[in-house]
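Data first, discussion second: the structure below is written as C-alpha cells.
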Ligand code: GAF
C-alpha cells in the first residue's frame, strides 16, 4: 500500500500527522531451512510484499495500534502492563517489540501505530516478522535509539520468542531488516555476519515462482518446537554447542556416535534424522553460495530439490500440498523446487526457465484441482528491498 494512503488513514484515525512512514518486507528462503536455531546458515531474500506503518511518538505511556487488515478498531494498551503471553491476537507482534525495546532499557514512552500489510498471513512468508521489524525500525528512528539492523532483528526475535511465545530462530527478522534489492542474503546465524549475493534470475533467463498452498501454518502449535528441542538433544548427545559444529565431512561418524549415545531411547532414530537434515542443509547453503558466486546459477536447482527431500523425509515438516507442488513442478520441467519457511503448510518455491513458468504454474493449479485441494496462489518473486523509511 502506498505510503501516502497509510499516512492519510493514520491522520483519519488519530487526528494528527504521523512522525513518518516505514516499510518492512516478507521473505522467501532460497535454501537453509531449520538451520537458524542450530547456529547455521540461511539464504533468504525479501519479497516486494511489505508491512507499512505510519507511526507517531507519544509520551504518556500508551500504545495505540490499528491494522487495516484486521476487523476491529484501535487497540489501546498501557506500556506498564505489557507482559509476555497477555496479548493473543495480531497486536502481540507490535506490542512485543515495544516490550522488548523497553525491557532492553530503551526509553520508549508510547506510540500511535497504523499498519497495512500486503504480506500474505500464514503463508510461511514472514508476515509476522514484517510487522515486528517495521515497528522496530519506526521506533528506532522516532526515538533516535541508534540501533543497528541486526540489533533490531534480535529484539524482534525476542518479542516473538518471549512475548508471542513462538520459539523461532533469527532468520525472518534479519531477512526483513537486512535484505537488499537484487540480492539474496547469505547469513551466518551464529554471529549474524552477512554477505549480499547478487541474485538476478531474469538476466539469466530464469524465474522463481512462489506457490502459496493456502494451508495455514503456525509456529506456536508444537511441531516446530519439537523439532527444535530434538536438534538441541542431538547437539547435547554429540557434545557440541549447536549442530552447526558438526562438520559435514564427519557426518557418518557423528550419526554412528549418536546411535550409540542415544542407545535404546525410543526417539533415537528421530534425532538421527533431525541431525542429518541440519548438517546436510548447512552444506547445501554453502554449495548454493559457491554455485551462485561462480555464475553456475542453473546448477542450484537440484540442490534446492535435495533440500526438499531432506525436509520431507528427515525433518518431516512437509505436507501433501507442498510435496504436490514440488513433484508437479519438477515433472513439468522445473530446474528445482522446495518448500520454503517452517513448513506444515505455507509456501513452496520453484526455479524454472522463463519459458517454462506458465506451463509449470498451470500444471500446479491443475494438480491441486485434481487432488481436491484449495486453489494455490502462484506469483513470481524478485529480490526486493529490506526495511526502510518511506516518508
Ligand atoms: C520459520 C522460523 F520463523 C524461522 O526462524 C526458521 O526457523 C524457519 O521457520 C525454518 O527455516 O520461518
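Using the three backbone atoms N, Cα and C, a Cβ is placed for every residue, glycine included.
Checking the candidates 163, 224 against TrEMBL: the one annotated together with 33, 34, 35, 36 at the substrate site is 224.
On the 0 to 100 pLDDT scale, the model's mean across the domain 'GHMP kinase C-terminal' (290-369) is 98. Under 6 Å, Cβ to nearest atom of ligand 1: this is the test, and of the binding-site residues 67, 123, 125, 127, 128 it is passed by none.
Relative to residue 27 (site 'Transition state stabilizer'), the binding-site residues with Cα atoms inside 10 Å are 125, 126, the candidates having been 35, 122, 125, 126, 224. Closest by Cα distance to residue 36 (substrate binding site), from the binding-site residues 122, 123, 126, 127, 128, is 126.
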